[in-house]
Structure formats: structure tokens, C-alpha cells
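Here is the structure we will look at, set down as C-alpha cells.
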Amino acid sequence: MEGKQQLPPPGSGAPGAAGEERRPEEGKDAAGGGALGRPLGPTPSQSRFQVDLVAEGAGRPAEEPRKASGERGPAGKGSEEAKGRFRVNFVDPAAGDESPGEPGGGSSEGGNVSFQNGGDTVLSEGSLHSGGHHHYYYDTHTNTYYLRTFGHNTMDAVPRIDHYRHTAADLGEKLLRPSLAELHDELDKEPFEDGYANGEEGTPAGEAAATYTPDSKGVVKFGWIKGVLVRCMLNIWGVMLFIRLSWIVGQAGIGLSVLVIGMATVVTTITGLSTSAIATNGFVRGGGAYYLISRSLGPEFGGAIGLIFAFANAVAVAMYVVGFAETVVELLKENGTLMIDEMNDIRIIGAITVVILLGISVAGMEWEAKAQIVLLVILILAIGDFVIGTFIPLDSKKPKGFFGYKAEIFMENFGPDFRHEETFFSVFAIFFPAATGILAGANISGDLADPQSAIPKGTLLAILITTLVYIGIAVSVGSCVVRDATGNLNNTIVTELTNCTTAACKLNYDFSSCQTGCQYGLMNNFQVMSMVSGFAPLISAGIFSATLSSALASLVSAPKIFQALCKDNIYPGFQIFAKGYGKNNEPLRGYLLTFLIALGFILIAELNVIAPIISNFFLASYALINFSVFHASLAKSPGWRPAFKYYNMWISLVGAILCCIVMFVINWWAALLTYVIVLGLYIYVTYKKPDVNWGSSTQALTYLNALQHSIRLSGVEDHVKNFRPQCLIMTGAPNARPALLHLVHAFTKNVGLMICGHVHMGPRRQAMKELSTDLAKYQRWLIKNKMKAFYAPVHAEDLRDGGQYLMQAAGLGRMRPNTLVVGFKKNWRQGDMRDVETYINLFHDAFDIQYGVVVIRLKEGLDISHLQGQEELLSSQEKSPCTKDVIVKVDYSKKAETDTSIAFAPSSSERTHTLHKGLTLLIPYLLTTKKKWKDCKIRVFIGGKINRIDHDRRAMATLLSKFRIDFSDIMVLGDINTKPKKENIAAFEEMIEPFRLHEDDKEQEVADKMKEDEPWRITDNELELYKTKTYRQIRLNELLKEHSSTANIIVMSLPVARKGAVSSALYMAWLEALSKDLPPILLVRGNHQSVLTFYS
């Protein structure tokens, strides 16, 4: 049995997705049982899907579904058998002709393609009619056509491109999908009110299709030829082609010249492939190289490269314009029409030229593109003129060294002949800048109609065409022209020479008279291409075209890159250059800035110094584009999936390394300067921490490294030398107990893990909402306050359950807490004793789970959530100086019992190995390693007998020195077992009086019932049994007040209460008696595993 439903159009805004579950409130058909109805009437849509529910064994022709939704029987059975298999039909609205009906009785619209899970292709049933635009305002129960997806109403949405837009996207409006809570929670209100999705004041979902098309009137967008290919070819074919290529062939020979061109092409091709990969990994906005690098590697690298790349393009304008001006001045000199002198003429012509170029640029991208096309035509004509000229060897040109294609010349010019201290690498350094125009198309990525398609096609094809032309011209000029010629007609050989070895000699010319000072030939004449060409002025026009087109491309690129950089607010001072004007968002302020930079360098006219720096700036950006691809591939981010597949991460890495090598080949000091500038800008941006998140590969790699190291760490057994306190702090909201947080952070920062646990109690639904909002809010708060900690919220019925969840589940692998830190419950006597019971049970749970426990008490208390101005209080606490001693209170007794208050009690066998329960000493040591505590001294107190004081002090000093823990003093308290003062005992008894059971004064049944109902009550028997321990806590408090009242902090061992034997009220009274009226005190109890060792 096959049932069929029709999906609403993607333009409708709220259709459902396959596999959803319906809610009982929505729809009339039961998905599992009834026949599934098909909506009637026309479909107002432009592009549609159909989804067919297919029975598992559907081998026969599809049957028409039952008409009545209530009809059961075979229809119901077929639906039950379907087992979730769907057939999705993509319906082409353009194909409107109806084809003949299939056996099932329906008809299929032309162009339907149906995909079934099994891979079968089947025709869809039912004719769908294309309607015009209609505006549908709807809710879930009345006008529900758009919500009917699988035969029942739903607010679930089929994915649409508008759901994935950024809110700031200028290409269309972002549509909101229903949240998971809206789909999953109980239905308490209409999901869509007033026809607006999610209650947003925006576009009704029915109208949405019409709203996201951008207003394209007047906006100029280029295709891949006009936008990328033409620009790249013009930029790569520079002055080098006409003036220097013949000289390079003369120096390096044809063979090495082709190698030079090939090496440059390898670098640019790898960069082109990398650029293509990044450009096809998502939508590309304006900003070219800056945009590609910043979105891949993050704002630090992007911001550094964006600035120097924009500057390099601005100075490149000056370079190209000066190249043009020099050619014009050369022509003026030949005709004797110089205005002032050579240098000033170059400045005048350069300034006029750059003003004209600025005018073309400001006129708009369309004018600039037309100018580029004209310049390309001139350039191609000039190249054609040269090629034609090589086939027409005139006798008048032979004295100048041009003989046409001759094998003798080819053979002679094939090998190198380096002169004037030139080398292969110096020649390569001169040629390479000619290959650096490959990003001209990518730099105007914001003005391309489809950057993802245009950048790869245009860039790679431009590299191929220009390389072939460079190689072709290098080979042809090397086959036609000799290296040295006099230009003198009288050098014709009349009589045959006996020692004739040169190609010119074999062609009846003797140029030996000027081997060192010839004026013509490949080595000596930069105008060889003009001399060879059929029509020399066309070559001059080609030079003008090459220089002006490159200047124009750079003049447009620099402001566009700079505008994108300023929009991202990486450098706040440059914000004013982010503003764009007109339909095309032209950066007019950027054009003006670029013009001024270019004009300044034209007037300086010292471009020989600037040129290598600019080449290195370009190369640095190429290196980072290549590195971006390697880095993104290495990070294995699921978001890295370029549509362009012809790249390889290792080839990209080789490309990045080659770029760095070429930088040094071109000019070592310029390379170092570039590195310093990039590094400086990188450090600046890192320090400023711009508030952006682009999902860079740096983030992805950080995650991957953390994951891999965590897994690697989990395979290593813990070792005592690597023990570190990893604390789970029950802070609640972190900003409510900043003192607790700061104190623990003081000994965990850069040492151990710190997790702030927050137990949300109360109604579950409300708590779940708070969990998600609090997680982001408080983690940000921790980062802002420079706390190296994690925030971990949980929902539980009470504090004890929440604490258990956190202790069992917090952390990852070896990075799990081993110490529970809590604040002292200061108001325990005034509050509900059930809360005290929960609080004490937290300690028992911690010991059961093998956690250590630290209780922190401050006189003032820890919770400041009721106060205003938390931040100010926090900062004042931060600034408090530490000049006093850290006092570690250690109760060290030979008569130690398991339940006595001891810090450590090593037996003779333990003493030589490790210090068990050494957390009480480790925490003060860690505190003193921090800057704020470094001036504090550790004083150690141990309990002992009066007749063994010296012995115990020496033994402890030896032990501490073996553990390499510095201390200022060790005091052995011989009077630790003395009975406390009477007034203190009386005060203790008064404190516990309200919590006593007094079972001796009550009947047995009443007492038992009371103890059962209030298990925290203190029995007379219990009080008598633990009398010694009670006195111990009171006596320790007296000693602490006597010796440590001026200490900055006291660290002392926490007394342990035997579970089930000591009531919560008595244990709480012990802690109160021990720690009251003292400086900040840490009561510490480790998990009785080694934390210190003296073995290396």
C-alpha cells in the first residue's frame, strides 16, 4: 500500500521535514494508522517537493489512497508496514505539461524525479498545478495548507536557504525556524500569531519567498571572465613582459628562463588552488585575500595581512604608474621634448596619470571594467604584433641582432651567460613580481556575481594563459635575437673567418668588436620587443596598457580590502573608512586614501627600495592563503568542505614554505622586515581581542588538539609527581561568591582544573531555560574576570543530588576533579536543619566518591549575591596586599586515631616514601608560587608531646626539606591535649542545646520517633562518646587564636565524622567551634592518597 502526501513549497516558511513525530493536538490523521489525505486545490508555489510513504514490499503499481481519512483496514495496514521509507519527488514548476496518468490513477507533472530509499526511480502520483503568488496568513488549526506536510498539521520547517542566512546578510531576510522548545514542549499557546513566524514582527512566511531577492537595480556584478580572468591576466602581464623578459633570456638562457617562469608558476598555481579551495568553502564577501585569510585563520592573521596587503596594493599603484611615466619620458627624450628633467617629468606625468585613474575608479566599477577590457585588447594586440614581427626578419634589423628563427641562435641562447654578478636567483627575483597578480580577481570578491565559481575558473585559467605566453615569448625571442649586437651595418662579414664560433658569425655578422660594450642584443637593449615587432608603437601602447591596467586593478583592490578590514572593526581607529557609497557600496574614502599613498610614493620616486618590500608583502599573503588551506585540513573541521576538490593540504603547505623561501630569495632584509611587521600586527590584534567569531580553523585545531591530548592523557596512569588539585567548587552563580573563586583560583591557576558547580533547583522547565542562558553568561563572566575555570550547571531536586551528579560526571578523562570545595555554611543555626543535613551529606558523598574536601570560611561570609556593586567588591578584594604569614595548622599526634583531626600521621614505613594526606601542605606551597602570595611565609604547627618537642621538630624539618617545601618555622604544640577553657566549653554546649534530643528525659518511643523524623539531632550518648573530639576542636580554636590571629590565611586539616555515627548538628558544631573568629581558614581533607614524593 502506498500513501502520498504533498509537501508545501520551500517558499512557505513552515513545512515539515521527514521523520518528524506529530503531536496529538495537530492534524486530523493518525500517522501510524489512518489513510493519509491529500490537500485539494491549487498549490501556490514555484518549487515543490512531494513525499511518498512507501510500503516495504511495494513491488506492485501504487494504489490510489483512500479518500476518507477515517477509513481503516488495508490503508491502515499499508501505513504500518511503511516503516519510515519515504520517496521524495522534486517537482519542476517550469515543466507544466501533464504526462499521461500512471497505473495508480494519478498523473505526473513533467520533469518530476522521484528518489526512493532503495534506489528505484518511480513516477509520482497526482497532478500539481503551479499557481501565482498568494499571501497566506495562517495559524496551526485554520488556514493550515502550508503546515500540512505528512498528512497532518505541523509547524516543523523544511530546510530553506533563508533559514541559514546571517541576520546581517544583505542578500535576503533571515527566516526563523521554530525552536526545539516550540516543537517539543507542551502546547501552551498558538505557535504562530498574526501569521508571523515565531511571533517575529517581520515577513509572513507565505510572503517570504518574495522578500529575500535583493534589490538588484543598479548593482553591478561581474561574471568570471570580466571579473576575474581579465583582471588577473592584465595584472600578471606587466611591464616585465615587454621590457625585462628579453634581458632575462639573455642572462639565464632559454632553458633556465623557462625554469624561472615554471618555478614562479608552481608557486602561483599552488596559491591559486588554495585560493579556489577557500573561496568555494562558503559564501565569499568583499575583501579578497583579507576575507579569505581572516575567515580561515581568524582575525589575528587576517588583520595583519589585510593591512599590509591593502598597503602593498596602494604602493603598487605608484610602482606601476612610475613604470608608465618612465616609458613616456623615454619617448619624450628620444624626440627631445623633455619638460624639465627626467626625474621631475616622471613625477609630473605620474601625478597626472594617478588622478585620471582615480577618476575612472570613482566613476564606478562598470567604468573601471570597461577600461580594463580596452586595455586588455591593446595588450593582446601588442603581443600579436611581436609574434608577427618574429616571422618578418628585415635586413635593417640584422645589425641590431634580430635574424628571425634560427637553430644556431636557439642553440647559442639555450644555455646561461650570467654577467655583471647576476645569478640564477637574482634573475628569478627580478622576474617573480611579474607573476604576482593572481589575486586581482579575488580582491573584488564582493563585486562578483558568483565568487565561488568565478574565482577558481578565472584565476587558474589566467595563470595557465599568462604562463604559456611568457614561455612562448621567452622561447621565440631567444630563438630570433643574439645576445650582443653593435647595430652597425659595417659589421657584415665579407671574407669567411676561420675561427667562427658565434651564431652571428655563422649568419655573416661579426659583433666581436663590442663584446663588452654593445648597445643592442638581448643583454643590452631593453627595447628588443619593439625592435622585433612589426609595428613598434604598438609595443609602446602595450607597455602603457600593462602598466595602467595593473595600476587600475591595484587602485581598486586596495580600498576594497581596506573597507572590508575596517567593517570588521579589527583596528578601531580606521572605522571611518568602512563607509560605502552608492548602490555598489563604493569605498570612496578608501579610494582617496589609496590615491594619497600612491601620490606620495610617486613624488618620492625611490621605488627601487620599496619594490622588494611590496613583493614580500604579496608573498606573505600568498604564504598565509596556502597555510590557511593546510591548517583548515589539519583541523578536520566538519565545516571545511570546499566545493573545489583539486587541492591537497600537503601541497598547500609546500606552497606556503616556497613563498617564504622566495621572500628571502628576492630580498633577505625585506623578508625579515615583512615578518617583523606581520608579527607585530598579529601581536597587536591578539592583544586587542576583537569581539568576532568566524569559526576559524585556529579554533577547530585548538579543539582537535585538546581532544587528542585528553584521549592521550586518559591512557596514562596517574603518578604522584604529577598530582595537582583539581577542584569542583560549589559556587552557585560564580559572581555570587567571588572570594571563594579567587582563593581557589590562586592555587589552581595554570596548575590544576577548576570547575564551578551550580545546582539549579526548582521547576524543571524553568531550570532548563536558565541552564542554557547561564552557561554562556557565566562562562563569559569567568573569561572576562581572567578566571581559568569552567562553569558546570546541573538541574536537581536538591543540593545533595546536584552535588552527586557533578562529582560523578564533571570533567573529562584525566581532567576530572579530585577535590570538592565548599564555602562554610555560616547561617546553619538559623536555617532549616534539613539543609544542614544535605550540606553534611555532601561531604560524606565526596569521601565515598574518593574526593578530597576543602571547606573555606571567611569572617564576613562568602555570598555577596544580595549586595549591589559586586564587581567593585571583587576588584577591591583582588587588590588586597598579602604581607603576612601563611600558617598551616597541622595536628600531628602519635596517638592519632582514624577519626581524629589530623593533617598527616605517617607511620615509620610511610615516612621514607611519600607524604600521605599532604594536601594540607601542598595548597600553601602552591599559593606561595603565585605573584600575590610570593612574599608570604609558611609556618608549620604540629601537635606532639612536651618531652619530644625537639625530636618532632627535627623530624618534621627533615621531612619538609626532602619534599623541597620552604618553611619559615616549625612549632610543636605540646599542650594540644589540654582541656579547653570552661567558658568555651559552656559556649559550645549553649550552641548545641537547641539541636539535642535529650532522649533520657523522654519516653523511648517518643525519642525514637523524634530521632527518625529529625536524624540530625544530637543524642546524649553520642555527645558523651565524642566528648574528647569535641574538646579537641574547641582547644584547637584556642590555639589558633593564640598563635595565628594575625595570619593572612590558615590551612588546617578537616576533622572527619564517621558516617551514620556522628549527627549532622554535632559535626556542624565541631566545624563552627574550630573555625569561628579566625582569619580566612581552609579546612582541608585529602582523599588519603599520596600527593607528595621526594623521589625524582
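Positions of Cβ are set from backbone N, Cα and C atoms, glycine also.
Of the listed segments 458-479, 832-853, TrEMBL assigns transmembrane segment to 458-479. Residue ranges 345-364, 1065-1084 are listed, and TrEMBL annotates 345-364 among them as transmembrane segment. Looking at the domain 'SLC12A transporter C-terminal' (737-896) alone, the prediction's average pLDDT is 78.
The stretch from 301-325, 345-364, 591-611 with the most CB pairs below 8 A to the transmembrane segment (672-687) is 301-325. Sequence-distant contacts of the transmembrane segment (591-611) (same chain, at least 6 residues past either end, Cβ-Cβ under 8 Å): 311, 313-315, 317-319, 321-322, 325, 343, 346-347, 350-351, 354-355, 358, 361-362, 433, 555, 558-559, 562, 577. Here the listed stretches are 254-280, 373-394, 424-446, 647-666, and the one with the most C-beta pairs under 8 angstroms to the transmembrane segment (535-558) is 373-394. Most Cβ pairs under 8 A with the transmembrane segment (228-248) among the ranges 301-325, 424-446, 617-635, 647-666 are made by 424-446.
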